[in-house]
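Engineer: The structure's right below; bear with me while I get my questions together.
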Amino acid sequence: MWNGIIPGLVLVAMITAVAFSAHNVSGFALFSPMILAVVAGMVYSNVLGTPAHAKAGIAFSQKRLLRFAIVLLGFQLTLGQVVSIGAGGVGIVAATLGATFVFTITLGRLIGVDRKLAQLIAAGTSICGASAIVATNIVTDARDEDVTYAVASITLFGTVAMLGFPLLAPALGLDQHAFGLWAGASIHEVAQVIGAGFQNGTQSGEIATVAKLTRVTMLAPMVIALGLMARRKTSGGQQAARPPMPWFVAAFVAVVALNSLVTVPAEVKSAMALATTIMLTMGLAAMGLQADISQLRSRGLRPLALAFCAFLFIGCFSLVLVKFV
(Lines of atoms letter the chains of each structure in order from A and count residues from 1; the text may use other names and numbers.)
(Lines give C-alpha, C1' and ligand atoms only; values in the text may rest on other atoms or scores of the structure.)
Protein backbone atom coordinates (compact mmCIF):
# COMPACT_ATOMS: atom_id res chain seq x y z
CA MET A 1 0.00 0.00 0.00
CA TRP A 2 2.62 2.52 1.10
CA ASN A 3 4.77 2.00 -1.99
CA GLY A 4 1.74 2.82 -4.11
CA ILE A 5 0.95 6.11 -2.39
CA ILE A 6 4.48 7.45 -1.87
CA PRO A 7 4.87 9.14 -5.31
CA GLY A 8 1.61 11.01 -4.87
CA LEU A 9 2.41 11.95 -1.28
CA VAL A 10 5.78 13.33 -2.37
CA LEU A 11 4.13 15.45 -5.08
CA VAL A 12 1.49 16.72 -2.66
CA ALA A 13 4.17 17.47 -0.04
CA MET A 14 6.21 19.45 -2.58
CA ILE A 15 3.21 21.58 -3.51
CA THR A 16 2.44 22.06 0.18
CA ALA A 17 6.00 23.26 0.78
CA VAL A 18 5.64 25.73 -2.10
CA ALA A 19 2.39 27.01 -0.58
CA PHE A 20 3.95 27.56 2.86
CA SER A 21 6.95 29.29 1.29
CA ALA A 22 4.75 31.55 -0.81
CA HIS A 23 2.68 32.43 2.27
CA ASN A 24 5.82 34.00 3.78
CA VAL A 25 6.40 36.19 0.73
CA SER A 26 5.20 39.79 0.89
CA GLY A 27 1.92 40.14 -0.98
CA PHE A 28 0.89 36.51 -0.46
CA ALA A 29 0.59 36.63 3.33
CA LEU A 30 -3.08 37.61 2.99
CA PHE A 31 -3.82 34.11 1.70
CA SER A 32 -3.59 30.99 3.83
CA PRO A 33 -1.30 28.14 2.73
CA MET A 34 -4.46 26.11 2.03
CA ILE A 35 -5.65 28.57 -0.59
CA LEU A 36 -2.20 28.85 -2.16
CA ALA A 37 -1.95 25.05 -2.30
CA VAL A 38 -5.18 24.78 -4.29
CA VAL A 39 -3.89 27.30 -6.82
CA ALA A 40 -0.45 25.68 -7.05
CA GLY A 41 -2.01 22.24 -7.48
CA MET A 42 -4.28 23.49 -10.25
CA VAL A 43 -1.41 25.16 -12.07
CA TYR A 44 0.72 22.02 -11.88
CA SER A 45 -2.08 19.73 -13.00
CA ASN A 46 -3.33 21.86 -15.88
CA VAL A 47 0.11 22.87 -17.18
CA LEU A 48 2.25 19.78 -16.60
CA GLY A 49 -0.40 17.13 -16.02
CA THR A 50 -0.77 14.83 -13.01
CA PRO A 51 1.28 11.60 -13.37
CA ALA A 52 -0.78 8.41 -13.30
CA HIS A 53 1.51 6.81 -10.71
CA ALA A 54 0.75 9.69 -8.31
CA LYS A 55 -3.03 9.17 -8.31
CA ALA A 56 -3.11 6.82 -5.29
CA GLY A 57 -1.11 9.16 -3.06
CA ILE A 58 -3.19 12.14 -4.15
CA ALA A 59 -6.39 10.28 -3.29
CA PHE A 60 -4.93 9.31 0.10
CA SER A 61 -4.13 12.97 0.85
CA GLN A 62 -7.54 14.15 -0.26
CA LYS A 63 -9.48 11.66 1.84
CA ARG A 64 -7.62 10.22 4.82
CA LEU A 65 -5.36 13.15 5.62
CA LEU A 66 -8.25 15.59 5.41
CA ARG A 67 -10.41 13.54 7.75
CA PHE A 68 -7.61 13.33 10.31
CA ALA A 69 -6.99 17.08 10.01
CA ILE A 70 -10.63 17.82 10.83
CA VAL A 71 -10.26 15.69 13.97
CA LEU A 72 -7.13 17.59 15.06
CA LEU A 73 -8.95 20.88 14.49
CA GLY A 74 -10.77 20.10 17.73
CA PHE A 75 -7.59 20.86 19.70
CA GLN A 76 -8.03 24.53 18.78
CA LEU A 77 -11.48 24.75 20.37
CA THR A 78 -12.95 24.57 23.86
CA LEU A 79 -16.47 24.99 25.17
CA GLY A 80 -15.09 27.70 27.47
CA GLN A 81 -14.26 29.83 24.42
CA VAL A 82 -17.86 29.60 23.29
CA VAL A 83 -19.16 30.62 26.73
CA SER A 84 -16.81 33.62 26.89
CA ILE A 85 -18.73 35.66 24.30
CA GLY A 86 -21.96 35.26 26.25
CA ALA A 87 -25.36 33.86 25.38
CA GLY A 88 -26.13 36.86 23.18
CA GLY A 89 -22.95 36.43 21.18
CA VAL A 90 -23.52 32.71 20.72
CA GLY A 91 -27.09 33.43 19.64
CA ILE A 92 -25.93 35.94 17.04
CA VAL A 93 -23.34 33.53 15.68
CA ALA A 94 -25.80 30.61 15.54
CA ALA A 95 -28.61 32.65 13.98
CA THR A 96 -26.27 34.11 11.36
CA LEU A 97 -24.88 30.70 10.49
CA GLY A 98 -28.28 29.05 10.14
CA ALA A 99 -29.87 31.91 8.20
CA THR A 100 -26.92 32.20 5.82
CA PHE A 101 -26.86 28.48 5.12
CA VAL A 102 -30.60 28.33 4.37
CA PHE A 103 -30.46 31.51 2.27
CA THR A 104 -27.56 30.24 0.17
CA ILE A 105 -29.10 26.81 -0.44
CA THR A 106 -32.46 28.37 -1.35
CA LEU A 107 -30.99 31.00 -3.67
CA GLY A 108 -28.77 28.39 -5.30
CA ARG A 109 -31.82 26.32 -6.14
CA LEU A 110 -33.68 29.36 -7.50
CA ILE A 111 -30.87 30.45 -9.84
CA GLY A 112 -29.98 26.94 -10.99
CA VAL A 113 -26.69 26.25 -9.19
CA ASP A 114 -25.89 22.56 -8.75
CA ARG A 115 -27.13 21.38 -5.33
CA LYS A 116 -23.79 19.99 -4.16
CA LEU A 117 -21.87 23.09 -5.22
CA ALA A 118 -24.45 25.31 -3.49
CA GLN A 119 -24.01 23.28 -0.30
CA LEU A 120 -20.24 23.77 -0.44
CA ILE A 121 -20.60 27.53 -0.93
CA ALA A 122 -23.17 27.66 1.89
CA ALA A 123 -20.89 25.78 4.28
CA GLY A 124 -17.82 27.83 3.37
CA THR A 125 -19.66 31.13 3.82
CA SER A 126 -21.58 30.30 6.97
CA ILE A 127 -18.98 28.30 8.93
CA CYS A 128 -15.24 28.50 8.30
CA GLY A 129 -14.21 28.79 4.67
CA ALA A 130 -12.02 26.13 3.09
CA SER A 131 -12.01 23.85 6.14
CA ALA A 132 -15.81 23.71 6.16
CA ILE A 133 -15.89 23.08 2.41
CA VAL A 134 -13.49 20.18 2.83
CA ALA A 135 -15.45 18.67 5.72
CA THR A 136 -18.78 19.17 3.98
CA ASN A 137 -17.58 17.54 0.80
CA ILE A 138 -16.91 14.30 2.66
CA VAL A 139 -20.68 13.84 2.96
CA THR A 140 -21.87 15.73 -0.16
CA ASP A 141 -19.28 14.00 -2.41
CA ALA A 142 -19.14 16.83 -4.95
CA ARG A 143 -16.70 16.89 -7.86
CA ASP A 144 -13.17 18.17 -7.28
CA GLU A 145 -13.88 21.09 -9.62
CA ASP A 146 -16.85 22.08 -7.44
CA VAL A 147 -14.66 22.07 -4.34
CA THR A 148 -12.07 24.21 -6.10
CA TYR A 149 -14.72 26.64 -7.36
CA ALA A 150 -16.22 26.95 -3.87
CA VAL A 151 -12.82 27.53 -2.24
CA ALA A 152 -11.86 30.15 -4.83
CA SER A 153 -15.11 32.11 -4.49
CA ILE A 154 -15.07 31.96 -0.69
CA THR A 155 -11.46 33.15 -0.64
CA LEU A 156 -12.27 36.07 -2.94
CA PHE A 157 -15.14 37.47 -0.92
CA GLY A 158 -13.55 36.65 2.43
CA THR A 159 -10.54 38.72 1.40
CA VAL A 160 -12.83 41.59 0.40
CA ALA A 161 -14.45 41.41 3.84
CA MET A 162 -11.10 41.27 5.63
CA LEU A 163 -9.88 44.41 3.89
CA GLY A 164 -13.17 46.30 3.77
CA PHE A 165 -14.96 45.65 7.06
CA PRO A 166 -12.40 47.46 9.28
CA LEU A 167 -12.81 50.55 7.10
CA LEU A 168 -16.59 50.47 7.64
CA ALA A 169 -16.45 50.22 11.44
CA PRO A 170 -16.28 53.99 12.18
CA ALA A 171 -19.07 54.81 9.73
CA LEU A 172 -21.27 52.07 11.20
CA GLY A 173 -20.63 53.27 14.75
CA LEU A 174 -19.20 49.96 15.95
CA ASP A 175 -17.02 49.88 19.06
CA GLN A 176 -14.31 47.23 19.43
CA HIS A 177 -16.63 44.68 21.03
CA ALA A 178 -19.35 45.09 18.40
CA PHE A 179 -16.92 45.06 15.50
CA GLY A 180 -15.15 41.96 16.80
CA LEU A 181 -18.45 40.13 17.11
CA TRP A 182 -19.51 41.23 13.61
CA ALA A 183 -16.21 40.20 12.04
CA GLY A 184 -16.20 36.84 13.82
CA ALA A 185 -19.80 36.11 12.87
CA SER A 186 -19.51 37.03 9.20
CA ILE A 187 -16.01 36.77 7.68
CA HIS A 188 -15.23 33.44 6.02
CA GLU A 189 -11.75 32.12 6.97
CA VAL A 190 -10.26 32.05 10.48
CA ALA A 191 -7.11 33.82 9.24
CA GLN A 192 -9.23 36.50 7.56
CA VAL A 193 -11.19 37.06 10.77
CA ILE A 194 -7.98 37.48 12.76
CA GLY A 195 -6.59 39.87 10.15
CA ALA A 196 -9.71 42.03 10.17
CA GLY A 197 -10.32 41.88 13.91
CA PHE A 198 -6.88 43.00 15.06
CA GLN A 199 -6.85 45.86 12.55
CA ASN A 200 -9.45 47.47 14.81
CA GLY A 201 -7.68 46.83 18.13
CA THR A 202 -6.65 44.06 20.50
CA GLN A 203 -10.05 43.66 22.16
CA SER A 204 -11.72 43.55 18.78
CA GLY A 205 -9.30 40.89 17.56
CA GLU A 206 -9.77 38.68 20.60
CA ILE A 207 -13.57 38.82 20.42
CA ALA A 208 -13.51 38.22 16.66
CA THR A 209 -11.33 35.14 17.12
CA VAL A 210 -13.58 33.64 19.80
CA ALA A 211 -16.73 34.36 17.79
CA LYS A 212 -15.17 32.71 14.76
CA LEU A 213 -14.11 29.64 16.73
CA THR A 214 -17.67 29.43 18.02
CA ARG A 215 -18.77 29.12 14.39
CA VAL A 216 -16.21 26.37 13.88
CA THR A 217 -17.72 24.34 16.74
CA MET A 218 -20.93 24.26 14.72
CA LEU A 219 -19.17 22.41 11.91
CA ALA A 220 -20.05 19.01 13.38
CA PRO A 221 -23.85 19.47 13.54
CA MET A 222 -23.81 21.01 10.07
CA VAL A 223 -21.99 18.01 8.58
CA ILE A 224 -24.40 15.65 10.33
CA ALA A 225 -27.37 17.58 8.92
CA LEU A 226 -25.92 17.43 5.41
CA GLY A 227 -25.29 13.71 5.84
CA LEU A 228 -28.97 13.21 6.64
CA MET A 229 -29.96 15.34 3.64
CA ALA A 230 -27.69 13.28 1.39
CA ARG A 231 -29.35 10.07 2.54
CA ARG A 232 -32.79 11.43 1.68
CA LYS A 233 -31.57 12.46 -1.78
CA THR A 234 -30.42 8.96 -2.80
CA SER A 235 -32.12 7.51 -5.83
CA GLY A 236 -35.11 5.23 -5.50
CA GLY A 237 -35.82 6.48 -2.00
CA GLN A 238 -33.31 4.04 -0.54
CA GLN A 239 -30.95 5.13 2.17
CA ALA A 240 -27.27 5.39 1.38
CA ALA A 241 -24.80 3.22 3.19
CA ARG A 242 -22.90 6.28 4.48
CA PRO A 243 -23.78 6.91 8.13
CA PRO A 244 -25.42 10.25 9.05
CA MET A 245 -22.54 10.99 11.45
CA PRO A 246 -19.17 10.22 9.85
CA TRP A 247 -16.50 8.88 12.19
CA PHE A 248 -14.34 11.97 11.84
CA VAL A 249 -17.18 14.20 13.08
CA ALA A 250 -17.64 12.05 16.18
CA ALA A 251 -13.88 12.15 16.74
CA PHE A 252 -13.86 15.95 16.28
CA VAL A 253 -16.55 16.35 18.96
CA ALA A 254 -14.63 14.01 21.28
CA VAL A 255 -11.42 16.01 20.85
CA VAL A 256 -13.23 19.30 21.58
CA ALA A 257 -14.67 17.73 24.74
CA LEU A 258 -11.24 16.43 25.76
CA ASN A 259 -9.66 19.81 25.13
CA SER A 260 -12.37 21.43 27.27
CA LEU A 261 -11.98 19.05 30.22
CA VAL A 262 -8.24 18.42 30.25
CA THR A 263 -5.46 21.01 30.28
CA VAL A 264 -3.45 20.33 27.15
CA PRO A 265 0.08 21.81 27.26
CA ALA A 266 0.56 24.86 25.05
CA GLU A 267 3.41 23.14 23.22
CA VAL A 268 1.13 20.24 22.30
CA LYS A 269 -1.61 22.60 21.11
CA SER A 270 0.89 24.51 19.00
CA ALA A 271 2.17 21.29 17.43
CA MET A 272 -1.39 20.10 16.76
CA ALA A 273 -2.30 23.43 15.14
CA LEU A 274 0.71 23.20 12.82
CA ALA A 275 -0.05 19.56 11.98
CA THR A 276 -3.67 20.47 11.25
CA THR A 277 -2.67 23.27 8.89
CA ILE A 278 -0.15 21.06 7.10
CA MET A 279 -2.63 18.23 6.57
CA LEU A 280 -5.42 20.56 5.46
CA THR A 281 -2.98 22.18 3.04
CA MET A 282 -1.93 18.78 1.68
CA GLY A 283 -5.56 17.82 1.20
CA LEU A 284 -6.35 20.98 -0.70
CA ALA A 285 -3.19 20.61 -2.78
CA ALA A 286 -4.49 17.16 -3.74
CA MET A 287 -7.82 18.67 -4.75
CA GLY A 288 -6.05 21.24 -6.88
CA LEU A 289 -4.11 18.46 -8.60
CA GLN A 290 -7.38 16.84 -9.62
CA ALA A 291 -9.20 19.99 -10.70
CA ASP A 292 -9.74 20.55 -14.41
CA ILE A 293 -9.90 24.25 -15.35
CA SER A 294 -12.10 23.50 -18.35
CA GLN A 295 -14.60 21.92 -15.98
CA LEU A 296 -14.44 25.01 -13.77
CA ARG A 297 -15.25 27.24 -16.74
CA SER A 298 -18.22 25.06 -17.60
CA ARG A 299 -19.85 26.02 -14.28
CA GLY A 300 -20.20 29.62 -15.45
CA LEU A 301 -20.75 32.68 -13.28
CA ARG A 302 -23.89 31.63 -11.41
CA PRO A 303 -22.01 29.95 -8.55
CA LEU A 304 -19.82 33.06 -8.23
CA ALA A 305 -22.96 35.21 -8.10
CA LEU A 306 -24.33 32.88 -5.43
CA ALA A 307 -21.16 33.27 -3.34
CA PHE A 308 -21.36 37.06 -3.73
CA CYS A 309 -24.99 37.15 -2.60
CA ALA A 310 -24.16 34.88 0.35
CA PHE A 311 -21.29 37.23 1.26
CA LEU A 312 -23.66 40.23 1.23
CA PHE A 313 -26.30 38.36 3.21
CA ILE A 314 -24.03 37.17 6.01
CA GLY A 315 -22.47 40.62 6.35
CA CYS A 316 -25.79 42.48 6.47
CA PHE A 317 -27.70 39.92 8.56
CA SER A 318 -25.02 39.70 11.25
CA LEU A 319 -24.59 43.48 11.30
CA VAL A 320 -28.29 43.99 11.99
CA LEU A 321 -28.14 41.50 14.86
CA VAL A 322 -25.01 43.07 16.36
CA LYS A 323 -26.46 46.59 16.13
CA PHE A 324 -30.03 46.02 17.23
CA VAL A 325 -30.29 42.77 19.22
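From the backbone N, Cα and C atoms, a Cβ is placed for every residue, glycine too.
Dumping what Swiss-Prot says about this protein:
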| type | residues | note |
| --- | --- | --- |
| TRANSMEM | 5-22 | transmembrane segment |
| TRANSMEM | 26-48 | transmembrane segment |
| TRANSMEM | 65-87 | transmembrane segment |
| TRANSMEM | 91-113 | transmembrane segment |
| TRANSMEM | 120-142 | transmembrane segment |
| TRANSMEM | 147-169 | transmembrane segment |
| TRANSMEM | 213-230 | transmembrane segment |
| TRANSMEM | 245-264 | transmembrane segment |
| TRANSMEM | 271-293 | transmembrane segment |
| TRANSMEM | 303-322 | transmembrane segment |
Engineer: Do any residues, 6 or more residues outside the transmembrane segment (147-169), come within under 8 Å Cβ-to-Cβ of it, and if so which ones?
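Structural biologist: Result: 30-31, 34-35, 38, 42, 117, 120-121, 124-125, 129-130, 133-134, 137, 179, 182-183, 186-189, 192-193, 195-196, 199-200, 284, 287-288, 291, 296, 299, 303-304, 307-308, 310-311, 315.
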Engineer: Please figure out which one of 5-22, 65-87, 91-113, 213-230 racks up the most CB pairs under 8 Å against the transmembrane segment (271-293).
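Structural biologist: Result: 65-87.
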Engineer: Quick one: do the transmembrane segment (65-87) and the transmembrane segment (213-230) reach 3+ CB pairs under 8 Å, ignoring pairs fewer than 6 apart in sequence?
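Structural biologist: These two stretches do touch.
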Engineer: Tally Cβ pairs under 8 Å between the transmembrane segment (303-322) and each listed stretch (5-22, 26-48, 91-113, 213-230), then give the stretch with the top tally.
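Structural biologist: Answer, by Cβ pair count: 91-113.
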Engineer: Apart from its near flanks, which chain residues at least 6 from the ends of the transmembrane segment (26-48) lie with a Cβ under 8 angstroms of it?
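Structural biologist: Distal contacts: 12, 15-16, 18-20, 130-131, 148, 151-152, 155, 159, 162, 189, 191, 195, 277, 280-282, 284-293.
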